[in-house]
Amino acid sequence: MKTLNNRAESHLTGQVDFELDKVGNGGWVNQGYCSSPPPFPRVTTVFNPKPHFEGNMNSLYNLDTPVVLSEDPPTKDQSLKKRRGCCCFIKALWGTTLTENTSDNREQFIRTTLRELLVYIFFLVDICLLTYGMTSSSAYYYTNAMTNLFVNTPSSSGVTFQSIGSMADFWTFAQGPLLNGLYWTTWYNNQPLESGNTSFIYYENMLLGVPRMRQIKIKNNSCTVYSDFKNGIKGCFAVYTNQKEDEQSFGLINGSAWTYHTEKDIKGSSYWGLVATYSGAGYYQDLSRTQEESTNILTELQNNLWLDRGTRAVFIDFSTYNANINLFCVITLVVEFPATGGAIPSYQIRTVKLIRYITTWDYFILGCELLFCVFIFYYIVEEILELKIHKFSYFNSIWNILDIVVILLAIVAIIFNVFRTIKVDSLLGNLLKNPNIYPDFEFLAFWQTQYNNMNAVNLFFAWIKIFKYISFSKTMNQLSSTLGRCAKDIFGFAIMFFIVFFAYAQLGYLLFGMQVQTFSTFVKCIFTQFRIILGDFDFDAIDSANRVLGPIYFVTYVFFVFFVLLNMFLAIINDTYAEVKQELSEKDELQITDIFKQSYMKTFMKLKLKKEKISDVQKVLHSGSGDLEFQDFRETLKEMGHGDQEINAAFSKFDRDGNKILDKDEQRWMKAELEQKREALSAEINNLGMNYQMELHEKPPVKSNEHKSNSSQTFVEREHFLSLAKQVLHLESSVAGIASQTELIMEKLGLQGKANDSKYHTAVLRSNTFTVGQYSSDHLTFM
């Protein structure tokens, strides 16, 4: 028995605790009602912290004195809510269509995508500022000026850099246009410049340090001479390879020009030429800071046969800096001497911005770079969350892979940006200490160019990624859906296309490779055939190389590749596009325009409801002539559909003395404020758009409607009309089927009702017969 009492008491105690928790602060147990055992726990509420008035009118009539609520120490539930609040904050900040469950909610999907698009637009603007902030239109003119000076300027004998065809031409160029372009120490009137020995090319571009000449040689007897020609041919110098490179000293053997230096010694880098790829090693000679000394150096090299049969390439490297536009120009002039004889000139001029932060715009770009780092951190966390949720299925989407590519390229760009700043400071420091050395800006210029290229590619991917966020639109989704659906067909047909394409490329290389420059290599053949597809070709060169097979090659290639195979690609895409467009027209999904329309309509309806409530209160005020009591005010507004809380809020705001009666002054004050709010709402409705304003105003008279219907007509798109017509037909067929089934059910119910009626009458007859028979038997027995 004691055990049962304990259980009962514990049960009641738990129930009391539950009631107290439900009531909240200010709850207490009234012991006057607690018998032994109490039948029910009595919980009395002393104070419940709720605002006096709640409702839609609070936004219009706020109380002058806000209610002050007491704060209690946080409980376990409240701390749990705080933790959930942090999770909700993270979820809201990094919420995407992949982290949110938007598959069953089209509106949530669109809203989440729009939020992602808004954040991404800020990121795209930032990366555009970064990329375009590193480039300048002055860079082109700087490059063009240096090209005209060192590449297109002729010597006294008419030799330009581009026209170099032999070693003799090289020395003519080096001792003429090269030295004249490098050293600018006097004005055009032969007055000396104030810079001293420092050369300012075009009077604006300072020559950094001294220029350097470097050559690469090949070993003698690096190839095999046919036995019949050994007596007549002394020495054999093969095509350049790293293994056959000459490392022996030659000539005067008393300086860097005659002694081999490894790539590590001179901190050089390889160069991709027109004939071969050359290492950064070789024999080098630094020129002087004056033209006279440099002329003597070149004369000595020429007289002692610095260039010979083993020479395969000569490099001339120097750098300039223009302080007006804060740009470096790193120039490399290359003359290749192939094993066939002759010379092949080429050049590379890189105009780069190595010193980043000088002007106000540069510091603005620095701020954009810091913001870019914040964006990258944001997207790294976002991709980690998505990868954690979807695991390996995350990589099934091409957009997710594109996100990772953009982030990786951005991280590499950030690391190089820091490295470049440190390296440039080190190089400039060494150059200022010793201005008579060769400053190797080639390495930095190369990687700065790669950095710019990487940013360009990253910006390209960033723009392409916009399709990820606008694919929710039916119009925008057509392109991505078309390409995605026909990808397999295009890939399968591409195999057939490139089989034929490469077959023609090999044919063209073998037929015209020895005579036509655009067919001289297999890679050039591929690009030449793409140019033929676009209509850019030189038929005369093909016809001259082979008068029989040339026209046959050209005609058959244009017919099969251009007219047949290429149009097959277009046919596949067109058919798929038609299918996708048909399917999208049949779908009735929520579109972005629908959401905008709903938001407009919701805003208008809210404003109209507020305006109608103000009108109701104004009607009540104008209906009375004297003082207005609260009871009359309440009953009138209750009949109009208003709630008690909003009525109390409206009345209490203007009842200053608290007697629940609005005198004339209070009514005048109330009318003035209501009229002011009404005018503000009318102005807001007008500002939101005239297209939706007509739907919210009261309906005009019938004559006005008839007049407007005759003067203006509304049209819909044909696709939308056909879609609605199909839906109506489908609805009619469904209703007809339901009607036929309903009639069948009614018929069955009617037959069953008749059977029940017949059974009922039979049972009644039987009961009557039974009663009559019993009465007869009883009567006979009684008799």
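Think of each number as a place in line: the chain as shown, counted from 1.
Yeah, the Cβs are placed from backbone N, Cα and C, and that goes for glycine too.
TrEMBL entries are annotated by machine, without manual review.
Quantities reported herein were computed from a predicted structural model and do not represent experimental measurements.
Check TrEMBL against the ranges 76-103, 636-663, 664-691, 748-775 and you find coiled coil recorded for 664-691.
If you draw a 10 Å sphere around the CB of C236 (disulfide bond), it holds 17 other CB atoms from the protein chains shown. The average per-residue pLDDT of the prediction over the domain 'Polycystin' (161-355) is 91, rounded to a whole number.
Remote same-chain residues near the transmembrane segment (117-142) are listed as 205, 322, 325, 327, 329, 351, 353, 361, 364-365, 368-369, 371-372, 375, 378-379, 452, 455-456, 458-459, 462-463, 465-466, 469-470 (criterion: CB distance under 8 Å, separation of at least six residues from the stretch ends). Sequence-remote contacts of a segment are chain residues at least 6 beyond its ends whose Cβ falls under 8 Å from one of its Cβ atoms, and for the transmembrane segment (490-512) they are 519, 521-522, 525-526, 528-529, 541-542, 545-546, 549-550, 553, 557, 560-561, 565-566, 568-569, 572-573. Look at C223 (disulfide bond): DSSP puts it in coil.
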